[in-house]
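J.: Can you read through this structure? Questions will come right after.
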Amino acid sequence: MIRVSVAVETPQYAGLAPCLDYLSEQPLSPGTLVRVPLGQREVPGLVWDADPEAPPCDDHLLKPVAQVLQALPPLGPAWRQLVDFSARYYQRAVGEIALAVLPPELRRLESDGLDRRLAKLARRAPPDAQAPTPERPALSPGQQAVLTTLLPACRGEAPPATHLLHGVTGSGKTEVYLRCAEAALDAGRQALVLVPEINLTPQLEARFAQRFPGRRLVTLHSGLTPAQRLQHWLMAHLGQADLVLGTRLAVFCPLPRLGLVVVDEEHDPSYKQQDGARYSARDLAVYRGHAERVPVLLGSATPSLESWLHAQSGRYTLLSLPERIGQGELPRVTLLDMTQQPKPPAGREAPPLAAPLLQAMRQRVERGEQTLLFLNRRGFAPVLGCSACGWKSGCPHCSAWRVFHKRDRSLRCHHCGFADRVPRACPDCGNLDIEPIGRGTERLEEQVAELLHDIERPGGGAVRVARIDADSTRLKGSLEAQLAAVHAGEVDVLVGTQMVTKGHDFRRVTLVAAVNPDGALFTSDFRAPERLFATLMQAAGRAGRDAEAASRSEMWIQTWNPGHALFAALRAHDFAAFASSQLAEREMAGLPPYSHLALLRCEARDPAVAEAFLRAARDAARALMPPELADELVVYSPVAPHVAKVAGFERRQMLLEARSRARLQWLLAQWSPQLGPLRAAHKGLARWAVDVDPLDI
Ligand code: ADP
Ligand code: ZN
Ligand code: ZN
């Protein structure tokens, strides 16, 4: 019997024990999928590279491997290296990452089931080799310049690098991705293309499929059935798929012939996984490209400040597409100064849209064009209140208000999901007049219909208002149906949350308005302005997609702070100016990307338990720090996050801050292994996790 090291999905931080040892009758190469006994169960595992420093143990204590799934080619060294790196960097067990990123169906399969699946794949019809070559647009001079830099690396003829492609929406970035992918595929390699949102995959998939009719394209995202996901993953792993298009989880897709990684909308926060191993797919894509010596292309109209700084310092190559394709203009941005609007009569609420904006919307209706109203708050009203006694619709389980949803007359907590019917009268004083405070998309939709009820469409009939947000798209297929209605011109005014600002190619929209964006200017979240700028730029990009209408497309912003620098940069469509002012502030304050953060989060029913654990963890970290590093590493005391209580659990967190990534990693490597044992000493602690490079702090 031979001893083999196997990565299994151990519970969180089981001492970070990298792998467990088992016995096998034959040698097994690393990356082989096996099933092994663990406690009373049989679990999936991956044979892993043996740790030369592992302490010796008696073979007779070891159990034999239960099954070897020989039909699956072992996961290669590049894939294992990616997993090893992720585990080390994000402070997780190797097995936790390795198994969690496999298709769930693969983890369940036994040998015979796998054999059947693989047999089915051989039998699949190959793509049409005689497919006609699709038409490609002649490149713009900007695209040509960018591709002169990119193509040699995509063909494998020049050393690989990480490139940041900065280009406004409609500047032809996707065309650049297509050309790069084509070069990589023609060189016999595979291309991996990441998108932030599952909702955006169908559009992009259609574009790639149309361009590469003779190639095999697969998608990978959480919306696939387990069987589809396994099939697509297997095609990638076996080298049958040429192009993989997916969301963040696809960054771990094994690709034996990888030749290119594209990360579209690289600034998007959804690239960061928010539970389990909290990895950043964008950052891992960059690592992967570096490790596998293939070019990485990050694209965005509003790059993350992290990537922008790398591009400024020369670590990434900066490529720009400053103009929209075909003389397309960017919408003119108008700031609507809300401090100058007429005051509503005493006791009355101000209307949601100021008169000039309403006028601009009427014009659109008369011309048969569409307006998009962006309000990042779903529900009817964020709070319900009693003016007699001051009662407000709090959540009994969270430190947050419950949102009033009028459609089903419910009060819903957006943090824990707790919902019940709206009370008839104030629960505290019996007052019958409980009122909505503030406004969400549901209410805006209703109010817009009222405000425009007196005008008739050119074709006859009342103005048609629609809403797209997480509530209106809960049912499968409903988002597609609603988008189709917008594209077909069956909607005059579309009200929506962030969901509608991303990616959609609305041809009839010539007016985009941000109804109430000011909140993000004054939060304690230091990334809020960066996100707001990106969202507003993206929203602006929804207007004037049609070249003919571009010249009269506009973006309006209702703001009480028209003098804010963010809006000035937005008016000028000047990302570089915005970025440099933000970077200057971040540098002054010692915030990322000029520092590197890790957060230890935990929760317990009793806040004292959470705080005691974090204080002990803080003391452990401080004890590890040599005094000469005091300037370079700061270990903060525990604090409560913005929403401190969720679903009955009190949340607390503590922050580590370092001048350099290497210093932070140095501390984490010694500190994390102490946290498991430390946790055991704090009874009553529920969940806890280290979050490296957290987005929300
Ligand atoms: P982005 O990804 O930057 O938003 P796209 O690549 O989607 O930009 O291009 C915007 C629009 O311009 C699309 O309709 C696309 O088909 C078209 N387009 C892109 N490049 C060219 C080109 N060189 N010539 C003509 N049309 C182009
Ligand atoms: Zn009351
Ligand atoms: Zn709640």
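Note that Cβ sites are derived from N, Cα and C of the backbone, with glycine treated the same way.
Copying in the features that TrEMBL gives for the protein in this structure:
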BINDING   CYS386, CYS389, CYS426, CYS429  Zn(2+) 1 binding site
BINDING   CYS395, CYS398, CYS413, CYS416  Zn(2+) 2 binding site
DOMAIN    154-321  domain 'Helicase ATP-binding'
J.: Which binding-site residues among CYS386, CYS389, CYS413 have CB under 6 Å of ligand 3?
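T.: List returned for ligand 3: CYS413.
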J.: Which chain neighbours of the Zn(2+) 1 site, leaving out CYS386, CYS389, CYS426, CYS429, have a Cβ atom within 8 Å of the mean position of the site's Cβ atoms?
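T.: So the extra residues in range turn out to be SER387, ALA388, GLY390, TRP391, ALA425, PRO427, ASP428, GLY430, ASN431, ILE434.
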J.: Same chain, not part of CYS395, CYS398, CYS413, CYS416: whose C-beta falls within 8 angstroms of the C-beta centre of the Zn(2+) 2 site? Give them in sequence order.
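T.: Sorted by sequence, the hits are PRO396, HIS397, ALA400, ARG402, HIS414, HIS415, GLY417, PHE418, VAL646, ALA647.
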J.: Over the domain 'Helicase ATP-binding' (154-321), what does the predicted model average in pLDDT?
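T.: Value for the domain 'Helicase ATP-binding' (154-321), mean pLDDT as a whole number: 95.
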J.: Closest to CYS386 (Zn(2+) 1 binding site): which of the binding-site residues CYS395, CYS398, CYS413, CYS416, going by Cα position?
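T.: Looking at Cα distances from CYS386 (Zn(2+) 1 binding site), the smallest one goes to CYS395.
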J.: Filter the candidate list CYS389, CYS398, CYS413, CYS416 of binding-site residues, keeping only entries whose CB is under 6 Å from an atom of ligand 2.
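T.: List returned for ligand 2: CYS389.
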J.: Could you list the residues of the same chain, at least six apart in sequence, whose Cβ is under 8 A from the Cβ of CYS413 (Zn(2+) 2 binding site)?
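T.: Once residues fewer than 6 apart are set aside, CYS413 (Zn(2+) 2 binding site) is near CYS395, HIS397, CYS398, ALA400, ARG402, VAL403, ALA419.
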J.: Could you check what DSSP calls CYS416 (Zn(2+) 2 binding site) once collapsed to helix, strand or coil?
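T.: It is coil.
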J.: Let me check the 10 A CB neighbour count of CYS398 (Zn(2+) 2 binding site). How many other CB atoms are there?
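T.: If we count other Cβ atoms within 10 Å of CYS398 (Zn(2+) 2 binding site), we arrive at 22.
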J.: I want to verify one value. Collapsing DSSP to three states, which class is CYS386 (Zn(2+) 1 binding site)?
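T.: Where CYS386 (Zn(2+) 1 binding site) sits, the three-state DSSP reduction gives strand.
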J.: When you measure from the Cβ of CYS429 (Zn(2+) 1 binding site), which residues in the chain that are at least 6 apart have a Cβ under 8 Å away?
T.: CYS386, ALA388, CYS389, TRP391
